[in-house]
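Annotated features in TrEMBL:
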DOMAIN    658-722  domain 'CBS'
DOMAIN    755-812  domain 'CBS'
REGION    815-866  region 'Disordered'
TRANSMEM  126-150  transmembrane segment
TRANSMEM  214-236  transmembrane segment
TRANSMEM  256-277  transmembrane segment
TRANSMEM  284-301  transmembrane segment
TRANSMEM  313-337  transmembrane segment
TRANSMEM  386-408  transmembrane segment
TRANSMEM  428-447  transmembrane segment
TRANSMEM  499-520  transmembrane segment
TRANSMEM  532-553  transmembrane segment
TRANSMEM  573-598  transmembrane segment
Amino acid sequence: MESEQLFHRGYYRNSYNSITSASSDEELLDGAGVIMDFQTSEDDNLLDGDTAVGTHYTMTNGGSISSSTHLLDLLDEPIPGVGTYDDFHTIDWVRERCKDRERHRRINSKKKESAWEMTKSLYDAWSGWLVVTLTGLASGALAGLIDIAADWMTDLKEGICLSALWYNHEQCCWGSNETTFEERDKCPQWKTWAELIIGQAEGPGSYIMNYIMYIFWALSFAFLAVSLVKVFAPYACGSGIPEIKTILSGFIIRGYLGKWTLMIKTITLVLAVASGLSLGKEGPLVHVACCCGNIFSYLFPKYSTNEAKKREVLSAASAAGVSVAFGAPIGGVLFSLEEVSYYFPLKTLWRSFFAALVAAFVLRSINPFGNSRLVLFYVEYHTPWYLFELFPFILLGVFGGLWGAFFIRANIAWCRRRKSTKFGKYPVLEVIIVAAITAVAAFPNPYTRLNTSELIKELFTDCGPLESSSLCDYRNDMNASKIVDDIPDRPAGLGVYSAIWQLCLALIFKIIMTVFTFGIKVPSGLFIPSMAIGAIAGRIVGIAVEQLAYYHHDWFIFKEWCEVGADCITPGLYAMVGAAACLGGVTRMTVSLVVIVFELTGGLEYIVPLMAAVMTSKWVGDAFGREGIYEAHIRLNGYPFLDAKEEFTHTTLAADVMRPRRSDPPLAVLTQDNMTVDDIENMINETSYNGFPVIMSKESQRLVGFALRRDLTIAIESARKKQEGIVGSSRVCFAQHTPSLPAESPRPLKLRSILDMSPFTVTDHTPMEIVVDIFRKLGLRQCLVTHNGSVLGIITKKNMVAHLEELTRRAEPLTPPWYHHKKRYPPSYGPDGKPRPRVHNVQLSPVTSEGEEAGEEARLLSSTTL
């Protein structure tokens, strides 16, 4: 019944009943962007098809708002295959919304008939909450499993616990009575590889053996990870967020959110993190959570049969992924809203929050880190910040913006080179080389040898009386009589200065290796490496400001706040601010990032420095380019994505973008009652377009509707099988009434039911900024360009994206302020600086009679061969 209701194609977009009878839990689509693949399939081929002539075509149906009028004269039964989407195709948002409204109306009309129908209605109403609950449960459980396994395998590179092989280093020494305060990580139960192999715990031989085993395990984990990805699930590589953004905008990538991808991504994510590569697991956790949401959505018909509804589940799943990645449920919801979702109605907001809550609760119950926290680097600060500290915080924001701009350009340049050279054909070799360089360079430095999350934890941690890190090697006041939480600022000892030099080397190492690591064929997140780089820079700045305040406390900027013996500077806070600034510079996140970091610290008083640093990093980064790393990778990979955040400030018109051009093939059209079945089949076989405008006749060329190639093929095949008398010479009629035919003529084929009677149209003088808004907000796949009701051309999403790319390269100047208050006529010169051809301007000379107007119109239409 769902298919039968959906494919009543003779509907009208302005149907009042359809608009006012929207689903109770959904609003009419008002902000969704429909994205189309402009490389390999479907909507591209409306004019510039790549499909070979005569091959099998799989195409989605055009969407329009449903009407209560049923016009399936001859195609009463649902046709198998119609209404589904093939790989690398775009969903029809409008049709999917209509489909959901039809389903909701049908359920409401039947729920009072019996108790069973009422039960089905309640099940349908609660299915949304059930699917996000299951998604949250699975996301939290998998995140806990990944955290535990990654910690164990990371420590496996250094040694093994003989008392319990499944314990990591910290767990192994928990129950030991032989540990000391200075060497709390050493216990008899934990054995390094040098102790097991050569029987030495100290000395050059022990160091070399541990070095060799560290490299061996790192290469083994990296090789196993890339091999599993290459053999079983190629979609399991990378961060996954660029593809998630593209999928949520309406694109279909079969298998990207499937069970094999989920299984391999979970396993290889553990291996990739344990290998010591400069990557994190937080970004891939969003991919893992979306895989869970996609799989569970197939258990509920409400979501399994509707791609638009399924994307609401994926939005909630992405919130759950960030929730378990950072222990930030509210930040996860804001991340889904700000960064990845295209269509985010109010009910999806509630369900996203609930999914994030469930996922965080499950992860807290598992307690993977043994500290009753959701993340390893949760910190709490007890000292306030002071006004003069805003200056170094803003400097960290500047550093974050510069780092983000540098990383985006360098990483995109390297990824582009990888795609264009033979090096990209050997992903296993690339991963092995990167892992080998990382392991060889990381082992000598204790800060790069650490797991990145543990490094961030150490940099975030404030120096207390129980800290034994070299970062806390200050010269203590021997007169102190008691241990207090807030230790006053002290002069730095030799350990601090040694740690600063090691951190400087670690900073250079992380910057270089992160550029080459992000994008290799293993699961690789960017959140943690970016935060590590910012935390290193922030800790160095914090120590510098702390020592400056200690030795020069009489300066006017310190005099009011930093008295002798006072604790006024917290270097760990600078590390946290630097981490947020660098992550914001790379991703261009703002609100969600501040909330995520705020939930990590639990302190409201640090929101102002975080906001200052994050906004500064965004402004500095935007000065070099407005797109973040995920948008840059979307553009690099050729994904059909139209960013709703970008503003269109150019002065082009629809006539400048429409096809066909002078050098293009003529626009193929159908007439409403003058073509035979053979004519249509020949046109389908001789062209690769995926849609055809239908006009009244070759003489009038007035627009009637739009027919999709796949609908035509299926309708003709079905008519040949189910109707007698349909032959190649049968007249095809798209009109409401069949024209009178001679008695000896074969039976006509009525195809008005598959015709989109109200395709979206714009005039040739429509400014492109309006056309861009229409495509973004209504989710169009194509738009016809007309003049006085006659078809001149067509604009597809491919044309739109290509036009925006071209204008971006040319950097056309902004529109003058007074332009918006003037009546718009095509400028005399096009965006390329050349005079506009009159056929594309469609600037009509003044006409004085109907005959002259008809002649001018005929001249325009004849210039575009129909």
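Cβ coordinates are placed from backbone N, Cα and C, and glycine is handled just like the others.
Note that the structure is predicted; figures quoted are calculated from it, not measured.
Sequence-distant contacts of the transmembrane segment (573-598) (same chain, six or more residues past either end, CB-CB distance under 8 Å): 322, 326, 328, 330-332, 334-335, 337-339, 379, 381, 385, 392-393, 396-397, 399-405, 407-408, 456, 459-460, 462, 526-527, 530-539, 541-542, 545, 604, 606-607, 609-611, 613-618, 620-622, 626-630. Note on the domain 'CBS' (755-812): DSSP counts are 25 helix, 18 strand, 15 coil. Per-class residue totals from DSSP over the domain 'CBS' (658-722), listed helix then strand then coil: 24 helix, 17 strand, 24 coil. Within the same chain, the transmembrane segment (284-301) stays apart from the transmembrane segment (532-553): fewer than three Cβ pairs sit under 8 Å, each pair at least 6 residues apart.
If one looks beyond the transmembrane segment (499-520) by at least 6 residues along the same chain, the residues whose Cβ comes under 8 Å of a Cβ in the stretch are 226, 237-239, 277-279, 403, 407, 410-411, 414-415, 418, 427, 430-431, 434, 437-438, 441-442, 445-448, 455, 469-471, 473, 526, 529-530, 532-533, 536-537, 539-540, 543, 629, 633.
Between the transmembrane segment (256-277) and the transmembrane segment (126-150) there are 3 or more Cβ pairs closer than 8 Å, counting only residues 6 or more apart in sequence, so the two stretches are in contact. Same-chain residues lying 6 or more positions outside the transmembrane segment (386-408) and placing a CB less than 8 Å from one of its CB atoms are 511, 514-515, 530, 533-534, 537-538, 541-542, 545, 557-558, 561-562, 568-569, 574, 577-578, 580-588, 608-609, 612-625, 627-629, 632.
Away from its own ends, the transmembrane segment (126-150) comes close to residues 25, 266, 269-270, 273-274, 281, 285, 288-289, 292-293, 296-297, 299-300, 302-303, 312-313, 316-317, 320-321, 323-325, 347, 351-352, 354-363, 365-366, 368-369, 376, 451 of its chain (Cβ-Cβ under 8 Å, at least six residues beyond either end). Tertiary neighbourhood of the transmembrane segment (214-236): same-chain residues 153, 156-158, 243, 253, 255-256, 258, 260-261, 263-265, 267-268, 271-272, 274-277, 427-428, 431-432, 434-436, 438-440, 443, 449, 520-523, selected by CB-CB distance under 8 Å and a gap of 6+ residues from either end. Here the transmembrane segment (313-337) has long-range neighbours at 128, 131-132, 135-136, 139-140, 143-144, 244, 247-248, 257, 281-283, 285-290, 292-294, 296-297, 303, 343-344, 348-349, 351-360, 362-363, 373-375, 378, 527, 589, 591-593, 595-596, 598-600, meaning same-chain residues at least 6 beyond its ends whose C-beta is under 8 angstroms from one of its own.
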